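First the structure, then my questions, so here it is.
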Amino acid sequence: MLIESYRDTVFEFVAHCAMKRQNVRTLSLVVCTFTYLLIGAAVFDSLESTTEAKRWDFLQAVKNNFVKKYNVTAEDFRVMEIVIIENKPHKAGPQWKFAGAFYFSTVVLAMIGYGHSTPVTIPGKAFCMGYAMVGIPLGLVMFQSIGERLNKFASVIIRRAKRASGARCTDATEMNLMLATGMLSSIIITTGAAVFSRYEGWSYFDSFYYCFVTLTTIGFGDYVALQNDQALTNKPGYVALSLVFILFGLAVVAASINLLVLRFMTMQAEDAKRDEQDAQNLAGNVQPVTFDDESTYNMHGKLLENNYTNENDETASLCSCTCMGGTRCLNHEQFVDPDFQPTDIIESTLCLKRASV
């Protein structure tokens, strides 16, 4: 009972240490994340705030000149402002015909959310919420499944390439798969940037920025494809290409995320296995007092070597007291021969049976 209680204490101690280590890791992640946010805020502040102030001053100067030149009241200017803002999406043509609605549905399911068009009716808003509640999990599962298939296909290609090159290890490691999906993601983004730069008239850097924001599902909405020259209705091929880019690109990104999640889960499993092994190692030092044909243990589970046996003696024994195996120990029974001492058994050539305790 004492040994079992000690084992339980050891396991509880190891579990407490494991929980403490996980808490420290979580706290470290929180601290690192907030530190990263603070660094990002400081960098964006230094890069964008000055330009923002200059643009605001310029727009205010243009507004004041316009109001002064045409003698426009503040109310009239506000009306014109609303009309211009609300008319901006309509410059791209109908947004809620089937092609535009399909594009919007894809953006919702992929959680990109450009904000270029939004439902304005109450039934449309209600349906959008229900559609998103079902569609987003469905899309996540689909992209995750496609990502797993892509990783499987990449692992087959990597193994064949290693086998053809004569490499000793032909297994596709996690690092190999991450490099493969990273290269594929880079190819998709660079190729997509060239396509959108041609069709949308953006610079290559702006197109690359749009592709990155789209495939990472950030979706700022400052750059949105299919919004010029009524492309949603007049360019079906370009619409199909844009949708394929979004869906396939997100699948590749999902493959990379799948590898990262798998790596994190592997780290968690390794930590749990290590904690369990530590608990077993600590608890392994507490063994009950048992005796077998080869060795014996003391109360702390330490192996005692029998240095007192003859090399031809395989049955000599040690008991739990200090008699060194004497069969007539005072702890067991009274000596028949008062001149016999326990230490005499060391020099004896008798073959004794193992003591049973």
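The backbone N, Cα and C atoms fix where each Cβ goes, glycine too.
Annotations in TrEMBL come from automatic prediction, not curation.
Not my notes, these are from TrEMBL:
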TRANSMEM  26-44  transmembrane segment
DOMAIN    94-150  domain 'Potassium channel'
TRANSMEM  96-114  transmembrane segment
TRANSMEM  126-146  transmembrane segment
TRANSMEM  177-196  transmembrane segment
DOMAIN    186-261  domain 'Potassium channel'
TRANSMEM  208-226  transmembrane segment
TRANSMEM  238-264  transmembrane segment
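Could you give the neighbours, burial and distances for every feature on this list?
Within the chain carrying the transmembrane segment (96-114), a Cβ under 8 angstroms from the stretch's Cβ atoms is held by residues 128, 131-132, 135-136, 138-139, 214, 217-221, 224, 226, 232-233, 236, 239, 242-243, 246-247, 250, all 6 or more beyond its ends.
DSSP assignment over the domain 'Potassium channel' (186-261) gives 57 helix, 0 strand, 19 coil.
Remote same-chain partners of the transmembrane segment (208-226), defined as residues 6 or more beyond its termini with a Cβ less than 8 Å from a stretch Cβ, comprise 92, 103, 107, 110-116, 185, 188-190, 192-193, 196, 199-200, 202, 232, 235, 238-239, 242, 245-246, 249-250, 252-253.
Beyond its flanks by at least six residues, the transmembrane segment (238-264) meets 99, 102-103, 106-107, 110, 112, 143-144, 146-148, 150-151, 154, 174, 177-178, 181-182, 184-185, 188-189, 192, 195, 199, 211, 214-217, 225-226, 231-232 of its own chain at Cβ-Cβ distances under 8 Å.
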Six or more residues out from either end of the transmembrane segment (177-196), which same-chain residues have a Cβ under 8 Å from its Cβ atoms?
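Residues packing against the transmembrane segment (177-196) from afar: 150-151, 154-155, 157-158, 202, 204, 207-208, 210-212, 215, 225, 241, 245, 248-249, 252-253, 255-256, 259.
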What are the helix, strand and coil residue counts for the domain 'Potassium channel' (94-150) according to DSSP?
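For the domain 'Potassium channel' (94-150), the helix, strand and coil counts are 41 helix, 0 strand, 16 coil.
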